[in-house]
Each structure stands twice: as C-alpha cells, then as structure tokens.
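Enquirer: Sequence annotations record features per position, and here TrEMBL assigns compositional bias 'Basic and acidic residues' to 328-340. Here TrEMBL flags 16-50, 363-397 as domain 'LRRNT'. Here TrEMBL flags 293-341, 644-690 as domain 'LRRCT'. If you look up TrEMBL, you'll see 324-362, 691-730 marked as region 'Disordered'.
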Amino acid sequence: GLLLLAAALGGAAAARCPAPCVCDNLRAHVLCLNGSLVAIPDTIPELTKKLDLRGNSFSVIPAGAFLATPYLTHLDLQHCKVERLEEGAFRGLGRLVYLNLASNSIGLLYQESLDGLSSLQQLILEGNRIEEIQPGAFGHLGSLTVLDLRANALVYLPDMVFQGLQVLRWLRLSHNTLHVLGSDAFAALPALRRLSLDHNELQALPGEALARLDGATRLDLGHNPITYVAEEALAMASLRHLFLDHASLQDVAPDAFALSPQLRMLDLRENQLQGLPPLAGAGGLARVSLHGNPLLCSCLLRPFHNWLARARVQAEGACAAPPALRGRPLDSLKPPEMRCSRLRPPPNPTTPSEQPKAASRRRCPRECDCSPDFHHGSCENRDLQEIPQDFPRDTRLLDLRRNTFRAVPPDAFPGLRELVSLHLQSCGIRALQPGALRGLESLVYLYLTDNHLSTLAAAAFEGAPQLAYLDLDRNAFTRVPAGAFQLLPNLISLHLQHNAIGELAEPDLAGARGLRWLYLTGNAIRHIAPAALAPAKMLEKLQLEGNHLVEVPTSALQGLSALSELKLSRNPIKRMGDGVFLPVASSLQHLYLDNMGLEQISPHAFVGLGPKIRSLYLEGNKMSNIPNMSNFTGLEILNLQDVPFHCDCQLLPLHRWINKLNLRVGATCGSPPEARGLKVKLSTTFQTCPGWGRGEAGEANPEKTMAASKPSKKKRSGKSPARGFNKSRA
C-alpha cells in the first residue's frame with residue numbers, strides 16, 4: 001500500500017514539474033539552473049528533497065516562498081541576484097539541512113530572515129555584500145554547525161551577534177573588512193572549534209572577544225594589519241593552531257601566549273619580524289614558522305635560538321641578515337655564528353603597551369560616542385554642520401555619516417595619525433579642500449559615497465599616502481578627476497560608480513600605478529582613450545557595466561596583463577570584431593557581455609581566449625550564432641539565455657558542444673519556426689544536417705550512444721568537454 005501511495009505521489013509530482021526545470025522523481029531532486037525565473041515556482045513537486053535554483057533572478061525571497069515544499073533538505077540559491085530576504089522567507093522548511101545563498105547581493109540580515117530553519121546544519125552566505133547583521137538573526141538556527149560569511153562587507157561585530165548557535169563548530173569570517181569586534185561577539189558559541197578571521201582589517205589581536213572561545217582549537221588571523229602581540233594577549237584554553245601569517249607584525253611579547261597552554265603550532269610567516277624573544281609562556285609549542293620575515297641573525301637572536309633548542313621547538317625560517325648568514329636556515333645556526341658588531345644596536349621600536357597613554361585619552365567631542373577599547377568614534381546622523389575635533393589620538397575608525405558638512409576644510413582631522421577608516425557618506429560634501437586629509441598617515445579606507453563632489457585635486461590627498469580604498473560612488477563627477485591620484489601610490493580600489501562620467505582620458509589615472517580594481521558602472525562613458533588605463537598596469541577588475549560604449553575598448557586594454565575580470569554588460573555594443581580581447585587573452589577569467597543587444601560576433605572575436613576563461617555571460621543578446629569556443633575547457637558558468645539562435649546546420653557545432661558540456665547554458669532556438677522555443681541541446685532540426693549520423697545519431701538512441709562510447713573512454717572524460725564543437729565536422 002505504501003509503495004502504491006508513493007508511486008501515486010510520484011506521478012502527481014511529475015505532472016507538476018515546472019516547465020523550465022528538470023525533475024528526478026526517483027531521487028526527489030529538482031533542477032532549475034541558469035534559467036529566466038524571477039519568482040520561486042509554485043508548482044515544484046511537494047515531495048522534493050533537493051532543489052537547485054542556481055543562476056536565476058529572484059531579487060527578493062518573499063515570506064513563505066517555500067511553504068509548498070516542506071520536505072526540502074537541500075536548497076541551492078547561488079548566483080540568483082538576491083538582494084533581500086524577507087522575514088519568514090524560509091518558514092516551513094523545518095527539514096532543511098543545507099542552504100547555499102552564496103554570490104548574491106544580500107546587504108542585511110533581518111531578525112526573522114532565517115526563521116523556521118530549526119534543522120539547518122550548513123548556511124553559506126559567501127560573496128554577498130552583508131554590512132550588518134541584526135541581533136537575533138541566527139537565533140532560530142540551533143542545529144547549525146557551519147556558518148560561512150566570507151567575502152562580505154562586515155566592519156563590526158556587535159555583542160551576542162551569534163546568539164543561538166549552540167552547536168556551531170566552524171565560523172568563517174574571512175575576506176571582510178572587520179575593524180572592531182564587540183567583547184562579547186563570540187560569547188554564545190560554546191561548541192566552536194574553528195574561527196576564520198583572516199583577510200580583515202583588525203589592527204590588534206582581539207583578545208577580549210577571543211577569550212570567550214574556550215573550546216576553539218584553530219584560529220586564523222592571517223592577512224590582518226596587526227603590528228604587535230602584547231603580553232597575555234590570547235587566552236584560549238584549547239587553542240592548538242594559530243595563524244598570524246601575512247600580517248604586519250614587528251614584535252611579539254615573551255608571554256603573549258602564556259594563557260593558551262595547548263598551543264602547538266604558530267604560523268608567523270611573511271611578517272616584519274627581525275627577531276623574537278624566547279616564548280617562555282608557550283610551554284607546549286612544537287613548531288613555529290617564520291618564513292618570509294627579515295630575520296636578523298645577530299647576537300640579539302641568540303636568546304630565542306637557545307630557547308628553541310631547550311624547548312625542542314621546530315623553527316622554520318631563514319636569516320635575511322647579516323650578509324654572511326643570508327639564506328641560512330635557523331635550525332642550522334650555531335650560537336658563535338650569531339655575532340653583533342661593535343656598533344650600538346638600534347633601540348627596539350616602542351610597543352603599543354609602552355606608548356604614553358595620556359595622549360591617547362583625550363576627551364571625546366560631546367556630540368559623539370567614542371569607544372576607547374576599540375578605538376572607534378561615531379557621530380553618525382547628529383545633524384552636525386562642522387567636522388568635530390578633539391577625538392582620542394588613537395582613534396582608528398571614525399564614522400561621520402549622514403551629517404551636513406558641505407566641505408572638508410584643510411587639517412580637518414588633527415592628531416589622528418592612527419586613523420585607518422574614515423566614513424563621510426551622505427554628508428552633502430561639495431568640496432574636499434587641499435590638505436583636508438593632512439596628517440592621516442595611516443588612513444587606508446575613505447568613504448565619500450552619496451555626496452555632491454564634482455572635482456578633486458591631488459592636494460586633497462596630501463598627507464594620506466597609505467590610502468588604498470577610495471569610494472566615490474554616487475557623486476556628481478562628469479569626468480575622472482585628472483591627476484587626483486598622483487599622491488596615492490598605494491591606491492588599490494577606486495569606486496566611481498553611478499556618476500555622470502562621459503569618457504576616460506589619457507591623464508585621468510596618472511599616478512594610480514598600484515590600482516587593481518576600477519569600478520565605473522552606471523556612468524555615461526562613450527569613449528576610452530587608448531592610453532587611459534596605461535598607468536594602472538596591475539589592474540585586475542574593470543567594471544564598465546551600464547555605460548554608452550558602442551565597441552569593445554580593445555586599444556585601451558593594451559598592457560593590462562593582470563586583468564582577470566571585464567564587465568561590459570548593458571553597453572549598446574551591436575557588433576564584435578576579430579580579436580577584440582587579444583590584449584587580455586592570457587589573463588582574462590570572467591567576461592560579462594550580457595544584455596547589450598549584441599547582434600553579431602565575428603568568428604574570430606574570441607581568438608586568444610581559452611582554458612583560463614571560467615565564466616562567460618552572453619544572455620539577453622540578439623545574435624543568432626556564436627564563435628567556436630571548443631578550447632574554453634575551463635568554463636564553470638556559461639549563460640546563453642534569451643539569445644534567438646537560428647537552429648540550422650550552421651549551428652550544429654554549437655549543438656554538439658553544448659551536448660558535451662556538463663553545464664546548464666539556457667540556449668534556446670529563436671528560428672526556424674518549427675524549432676522556436678526549443679532548447680538548442682534538444683532540437684531535432686539538426687538531424688537532417690550532413691554528418692549528423694557520425695555523432696549525434698547515437699545521442700538520439702541511448703543504446704547506440706553507449707555502444708559508440710565503449711572503445712574510447714578518454715573521449716567521455718570531463719577534461720575535454722568541448723571537443724565536439726569543431727567546424728570541420730559540421
């Protein structure tokens with residue numbers, strides 16, 4: 001009886017399978033990949049357990065979106081352009097154990113966004129733009145073991161933000177911009193074993209917050225600008241593996257790890273350490289890695305070297321000086337070789353714990369809030385008309401958003417030599433006057449979005465040579481401020497999106513030799529001069545989406561040997577000629593050519609491109625054929641939706657190639673009439689083409705396909721998915 005009931009339900013489910021999807025009723029799987037869905041289908045079979053909706057366009061996941069599928073255990077919503085999760089979006093999914101929301105545009109997690117997911121074990125939110133997590137957002141996820149928040153825009157973690165995650169074992173916060181952690185940010189994580197905080201902007205080891213993690217055994221803090229580890233800075237009773245690699249460490253206190261007695265492995269690679277004291281407090285340490293440090297193997301290093309031998313600690317690293325010992329491994333040195341010259345050694349740099357404290361404890365402006373523990377000052381939305389002064393000298397993050405300053409005058413931030421991040425969004429600023437940032441010698445982040453700036457002079461950035469991230473989105477620029485970046489040799493990321501820039505001229509980026517990411521989406525750019533991008537030879541990302549370009553700016557791409565991502569979406573480019581991407585063919589990995597109204601692509605337009613290409617977006621265009629892409633063997637994403645392909649014999653190579661790809665590409669026929677609306681992969685119009693019987697005839701008959709494939713297993717391997725796309729076989 002149960003079998004009959006299951007069969008009946010399976011039959012009903014099959015009848016309800018949404019048209020763009022593929023339903024496997026036997027395994028209760030539904031796949032709707034890379035389609036044109038703009039809403040969650042309401043006809044998905046009720047008994048579905050695994051639902052894959054990758055590559056659609058949902059924008060918002062509304063409340064109760066999955067009430068019709070209560071048996072779901074796995075839900076994949078990657079690359080769906082989701083911007084918002086409404087409260088109650090996943091209500092009713094009490095059986096769900098895996099939810100993947102990676103690579104969307106979610107900016108905020110509301111308190112009830114994840115309500116109803118009582119069985120969820122893995123939540124993937126990597127690659128969104130989450131800036132804020134409201135308290136209680138994870139309060140209903142009592143079964144969660146892995147939370148992935150990598151590559152978002154988190155700056156601050158408030159107290160108890162992870163409350164409710166009683167069994168969480170791995171928290172991944174890498175590749176954010178975290179500056180400040182509340183002292184109780186991790187207080188509600190009793191089961192946590194691994195914490196990943198690498199690739200953030202932590203200035204100091206957040207010892208108070210980490211002390212709440214009694215059970216954590218691995219801590220990743222690499223790639224943070226931490227300069228010093230103070231005495232007893234880390235009190236983690238169970239910690240065994242600590243990664244502090246690729247930071248800015250210049251000194252470590254002898255008792256820095258005295259309160260972490262289980263520590264076995266310490267990774268200090270690629271720092272600025274010239275030496276270390278004996279780490280007597282780390283009694284259980286077995287290995288310390290010092291590769292990539294400028295180690296001075298003089299008599300000053302002897303105490304540390306002797307301690308390594310006594311404590312039987314394995315040290316990995318080599319001397320950088322003196323010249324006689326350069327390149328010598330630490331474990332090969334003998335004490336007599338480690339000599340000092342008669343010259344008096346330079347004094348050790350003053351550590352933060354030794355700096356005069358009176359100077360850093362100046363009063364806070366009365367209109368603002370200052371946190372001495374986290375070096376954070378905030379005057380957000382206080383109706384201020386002048387920039388306040390008299391902040392503590394050790395302030396590192398200053399938030400002045402949503403005030404009315406009109407202009408930033410010279411010397412606006414006196415005494416803030418340690419300031420790293422400055423927020424001036426939505427302040428009505430029309431002018432950044434010369435010398436405005438003078439004295440901000442540690443400034444890395446400057447946010448000036450949503451103001452009224454129309455021009456900038458290089459003198460405005462005088463005194464801020466470390467500035468690396470400059471955000472000028474949504475201002476009033478009609479051109480890139482020529483020469484404004486001359487004094488910014490460390491500029492990495494420049495945002496000029498949603499301005500009114502009409503062209504890129506030759507001198508615009510002068511001085512920006514370290515620029516890696518240039519964002520120009522939503523301007524009115526019609527022309528890019530051949531040498532406009534030449535100063536930015538290290539450029540990796542170039543986003544030109546939504547401009548007025550009518551051709552690929554091939555000449556402007558010359559010399560950009562590191563460019564890996566090029567976004568030309570929503571430009572009115574109708575035709576694409578031969579070799580238009582040749583200047584960047586050796587480095588390009590992600591190419592966006594969607595929604596341009598593209599009518600014709602030359603057969604040799606993609607010459608030079610090949611296995612390095614990982615994603616290619618061509619959806620929403622008007623061409624009826626595309627060039628041979630048989631050597632695009634590294635593709636992970638190919639989107640050909642809403643392209644009116646003419647499914648005649650000239651398209652047979654594309655049909656063959658698509659059939660061999662292990663990807664959902666969304667290609668459909670626009671003509672001839674008998675094929676309109678059919679998938680290119682499934683259209684029968686190709687069966688009358690010359691040469692059909694040599695390859696595809698077997699595809700129409702599964703038995704013949706299997707028989708034909710038996711002599712050569714190599715032909716079916718995933719390493720050569722594109723071999724069938726060969727014009728000579730058409």
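Glycine too: its Cβ is placed from the backbone N, Cα and C atoms.
I'd like to know what surrounds each of these features in this structure.
Expert: Residues 290, 295, 297-302, 305-306, 308, 314-319 of the same chain lie 6 or more positions beyond the ends of the compositional bias 'Basic and acidic residues' (328-340) yet place their CB under 8 Å from a CB of it.
Long-range contacts of the domain 'LRRNT' (16-50) within its own chain (CB-CB distance under 8 A, at least 6 residues past either end) are made by residues 9-10, 56-59, 61-62, 65-66, 68-75, 637, 639, 641-642, 663-666.
On the 0 to 100 pLDDT scale, the model's mean across the domain 'LRRCT' (293-341) is 91.
The helix, strand and coil residue counts that DSSP assigns across the domain 'LRRNT' (363-397) are 0 helix, 7 strand, 28 coil.
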Enquirer: Using DSSP, what's the helix, strand and coil tally for the compositional bias 'Basic and acidic residues' (328-340)?
Expert: 6 helix, 1 strand, 6 coil
